[in-house]
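Student: Quick one: structure below, then a few questions.
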Amino acid sequence: MARTSSQNQNEKNKVGAFFLATLILWFVSVLFEIFFNKRTELLWIVAGVCLFQIANWVIRSFVSRDPLFVNTSVSLLHSTTISVSVVFILVNQCLKNGSDGMFEHSQLVGGTWEWAYAALCFSCGYFAYDQLDMLFYRLYSGLIPSILVHHMILLVCFTLALYRNVTINYLILTLVCELHSIFLHVRKVRRMAGIRSARSTIVRVEWVLNWLTFIFARSLSHILITVKLVVDAPKFEKGVELPLALFGMAGMNFINVGLGIDLFNAFKREINPQKNSDHHGE
């Protein structure tokens with residue numbers, strides 16, 4: 001038993017070392033772009049890393065030292081900040097230039113809406129911070145932790161788009177799903193705070209918002225983006241943009257299916273706690 005535990009620990013150390021190495025390489029790449037290629041606009045990535053790390057320290061110092069609570073709280077801050085930013089970017093674009101042509105292929109691939117670049121950099125900074133936090137406190141499990149793989153893929157896709165200044169608007173649209181992430185993190189924080197009664201009005205309202213945003217902000221938005229990519233496929237120039245975008249959206253849609261199943265199971269457990277308890281008793 002002790003030997004198995006030791007093997008698991010060694011495997012976890014190797015996994016952590018691999019993802020830490022990829023994160024260091026990513027950060028070196030960003031610094032190279034900023035200082036050697038004079039890409040000062042990428043400083044928003046550094047700003048994102050710093051802000052969310054400061055938020056981590058504040059929560060850890062004044063609210064709770066539980067690593068999972070701190071990590072979830074900072075994730076909630078990111079989801080809220082990015083959701084507000086994305087809504088602001090879209091509304092601002094509509095008010096300034098109108099919605100005509102806003103979702104044309106040329107705009108989504110080659111254009112950049114006002115503040116979209118900075119918002120994407122900021123979100124990129126969060127994923128780098130979160131990856132490091134999860135590695136430091138070992139907030140992951142499994143030989144191939146899905147959350148670490150998810151963050152690594154996002155960092156690669158986001159930074160490649162930022163370096164080449166393409167598909168920025170497409171990526172901003174994918175971040176509409178952060179509206180749903182707000183309620184995922186709220187639920188997690190709420191349960192850690194001990195509020196679990198399904199009869200509570202707060203819990204009921206939270207579940208309604210959780211399902212509405214899952215359907216419209218996450219599932220439907222990602223399906224529509226995927227359809228748009230397929231329809232506009234002939235308009236893409238030869239290169240990695242289209243294959244990378246289709247692969248990324250296929251991955252997101254696949255993750256959404258799994259997330260929907262997990263959400264439904266969590267909903268059933270929370271709505272019928274007594275039945276679930278009896279089931280475990282058997």
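Cβ from N, Cα, C; glycine included.
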Student: Pick from 97-118, 141-162: which stretch is listed in TrEMBL under transmembrane segment?
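Tutor: The range carrying the transmembrane segment annotation in TrEMBL is 141-162.
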Student: Give the one range among 42-59, 68-91, 168-186, 245-267 whose Cβ atoms make the most pairs under 8 Å with those of the transmembrane segment (207-225).
Tutor: 168-186
Student: Could you tell me whether the transmembrane segment (68-91) and the transmembrane segment (141-162) are in contact, taking contact to mean 3+ Cβ pairs under 8 Å with a sequence separation of 6 or more?
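Tutor: Output no: the transmembrane segment (141-162) is apart from the transmembrane segment (68-91).
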